[in-house]
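Following: one structure in structure tokens, then a few remarks.
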Amino acid sequence: MSQNVIRVVGAREHNLKNITVEIPRDKLVVITGLSGSGKSSLAFDTIFAEGQRRYVESLSAYARQFLGQMNKPDVDAIEGLSPAVSIDQKATTHNPRSTVGTVTEVYDYLRLLFARVGVPHCPVCGREVVKQSAQEIVDAIERMPEGSRLLILAPVVRGRKGTYQAVFEEIRKLGFVRARVDGTVYSLEDEITLDRYKIHTIEAVVDRLILNRPETEEDRRTFLTRLTDSVETALKVGEGYLTVHNLSAEPPQDLFFSEHLACPEHEVSLPEIEPRTFSFNTPHGACPDCQGLGSRLEIDPDLLIPDDERSLCDGAIVALEWNGPREQGGYYWQTIEAVAERYGIDLDAPVKSIPPEKLDKILYGTAGEEVDVRIEGRNGRETSFRTPFEGVIPNLMRRYRETNSEYIRGKIAEFMTDKPCPTCSGARLRKEALAVTVNGANIIEVTSWPVLKTLAWVNELAEGGVLSPRQLAIADRILKEIRARLGFLVNVGLDYLTLGRSAGSLSGGEAQRIRLATQIGARLMGVLYVLDEPSIGLHPRDNTRLLATLKELRDLGNTVLVVEHDEETIHAADWVIDLGPGAGEHGGKVIAEGPVEKILETPESLTGAYLSKRLKVPMPPQRRRGNGKHLTIIGARANNLKNLTVEIPLGKLVCITGVSGSGKSTLLVDILYNALARELHGAHTQPGDYDRIEGLEHIDKVINIDQSPIGRTPRSNPGTYTGVFDEIRALFAEMPESKMRGYKSGRFSFNIHGGRCEACQGQGQLRIEMQFLPDIYVPCDVCHGARFNRETLQVRFKGKNIAEVLDTTVEEGLELFSAFPSIVNKLRTLMDVGLGYVRIGQPAPTLSGGEAQRVKLARELSRRATGKTLYVLDEPSVGLHAADVHKLIEVLQRLVDAGNSVLIIEHNLDIIKVADYLIDLGPEGGDRGGELIAAGTPEEVCQVADSYTGQFLKRYLEEERQLESLSRSKVL
């Protein structure tokens, strides 16, 4: 066997048909093919899984018991396998403490940088704080201008109220004859009277001297001895603090010195600066109020009163017991009536007409003022008492903290949102840590900049002129590490991200590219990297940089195996493996392998057909005119949006485009969808910052078809989600055998006691813990994996029992139930969105994000259209082959043809070119984005020189025409 290849022999995992492939080493290899053709089964479930399994098996039995184990994939042999690293699209973490900076380790180096060369300042006044020894203070005084008349002062009271007669007496006893009080020097022999209620600063005058140049060395030594004695005395009396008052300066000025890392004026001591000072994950650095999270869950008044047109009597406050009208009585309502009577609040008026200061009395309480509460008991007896009113919001917050009931906590949480911590303003760190700067910026300011700006700041430090030679020597290696890691983030197209961004808010594509940047930083050699569509979420403009990164990883001496549909990536690959010919049971075969030219020339390859433009997504004969109505978002300012006003035509297929980080998701999801869901459906969503949305009357429903799972457990599947399983269960209940036995449709559910196998609770398998070996899942020995009991499985339809029906694919189901229109309609929509290969009962956790999104799309297609629905989709082409994109476009066009409006965020040029209307944001990502660059038909956007989308679309359409004419000439 050649040592230059990784040879996979007899791979049968999932739908793979006993295939054998050779993957050249140290090359960029792309596995492509239709969705469901077996790409991930080969790359992740076979090759990567075997690499992981071999690594784990090389460890001791003791170590293996602590590791997640992997079962041996169904393959005869894999020869020449290297250590494998998977870089997939799973969310980096759900930990709210994780940020882009912590995941990439850049923040760790920044903490070290600030600890070693940071300049501390007083958190109160901003004055630079320097810790100096007595010798350093003497040297600083000696360097002052010749002839300076100085007072050496020891502060004993700083900024406090009182008369301080005892302090003056103590100073006299220490032998001092003068004191400076509030800037004026007094003799301690005089009586000094202070106002008890005013703030005073008292300093003992330790010495008065004039800085004259000594004529002899002896005179200099004498002067320095006196100055040193005075400084040491002042530091002792002032407990480490000293003030030098220069009478010769114009105007006279005070210079503050300290032996401590503390502000001499405000008595604010700073801890010793260490890397942990800047960690929001330790008590040493974290804000004490929010414990380093930067935000707190608080009651949102807008969620508490969703409709301010209603009155308080009409139940405007919708939380728990506070929502009862006056007829219901009760303590809570009668307390509100008492507050209303005390402050003159009209409970029958719409909430929006109540002055805010009066409404605050009900929402936030009476601040200790008592109100007269009268409560009528069930026996008709009235009880009266006076009490301060806590306020609705403080009451709910207290109950949220104190209750042991998960139900009550959950109900209150419905009215809560994350709000920036009032103490640290979302910065996560203590004020002492935020007062340390490097080149004028604190560590949180640095992490709030886009990566590109942060890199420029680091470059400025590294190039000299900002740091002293000593600081630069200390920081040199730290800056090199930071520059390298930031450079990798820029190269994978993430220059718009900030280091402070929460890792949980990243898309799958962003999370994957961050891990890719981290791996390049590790500079490993001889590794097999397996990536899952790294181009997801990238604008075509950024693809070039991503490809350069993949090639850099390859050139280090690694094999890079990429599952990918992107045309540019396929063309850039050294070797391509095309799987197919179809999806599911129709896939799992190798159609072609070799250089991309071979794929193009293989007539059986759908990939080759679309790459060569023998097949392509056709342009629509004409763009829709729409229904003449619009949604207009006015003053959108969330995240990086620059006070945008955007008009969205309805009754059209509209694409929101722009480079990564330009503000597309913020505009479409954070603002528009959240606002519409709240307005139309009463959802407890918190939209981003905007002024208003006009045209709401033109739509009656908004649906966000995202890529979140359709269910978290194996009990959820496409059949249950689309409702087709309910129809199938009803059909089985109509079978003669069922009627004879008295079975209803519930008998055929694996979630309900009665028809399911009770030995495995309808799961079909049992988990056996093996301690230091992998956990084993074995078929239930009662139902043998069927999930139902024997009696239920005896009912059959066309020779198949309910378990066998769940195991059929959507395509097979269409044929099986061809005589039942209600079932066929639902299965047909799954077929239309390209999911014919998916099993009706396939567990939800095994579906990819793209598959889950298409299951949701299918459910919407099967519903009766209102003609006034707005569909919102975020990159529906994710995970789709060009042939599947073709099908997706037909489905989206059907939604629009039914009179609905479809709004898509998309980078795929095939979808962009068929849209009726484009809204292009940019020009860049992050702070340099958030502007409206172009709006109009694809043809109009192509003419906008500043639009990256327009220019790439223009070039793509030209290349399409050239390749099409070339294909025609070859045929002729």
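Cβ from N, Cα, C; glycine included.
Just so you know, TrEMBL annotations never went through curation; they're auto-generated.
Annotated by TrEMBL as zinc finger, the relevant range among 263-290, 599-626, 683-710, 711-738 is 263-290. Range 757-783 is the one annotated as zinc finger, of 109-135, 514-540, 757-783 (source: TrEMBL). In the three-state DSSP reading, Ser35 (ATP binding site) counts as coil. Residue counts for the zinc finger (263-290) under DSSP, helix first, then strand, then coil, are 4 helix, 4 strand, 20 coil. The DSSP secondary structure for Lys664 (ATP binding site) is helix.
Annotation for Lys39 (ATP binding site): same-chain Cβ neighbours under 8 Å, separated by at least 6 residues, are Ile31, Thr32, Gly33, Val563, Leu579. Take the CB of Ser660 (ATP binding site) and look out to 10 A: across all protein chains shown you find 24 other CB atoms. The Cβ of Ser662 (ATP binding site) has 29 neighbouring Cβ atoms from other residues within 10 Å, across all protein chains displayed. DSSP assigns Gly658 (ATP binding site) to coil in the three-state reduction, placing it in neither a helix nor a strand.
Residue density at Lys664 (ATP binding site): 26 other Cβ atoms are found within 10 A of its Cβ, drawing on all protein chains shown.
Sequence-distant neighbours of Ser35 (ATP binding site) (same chain, six or more apart, CB under 8 Å from its CB) are Ala583, Gly834, Gly850, Glu851, Gly879, Leu880, His881, Asp884, listed in sequence order. The number of other CB atoms found within 10 A of the CB of Gly33 (ATP binding site), across every protein chain shown, is 29.
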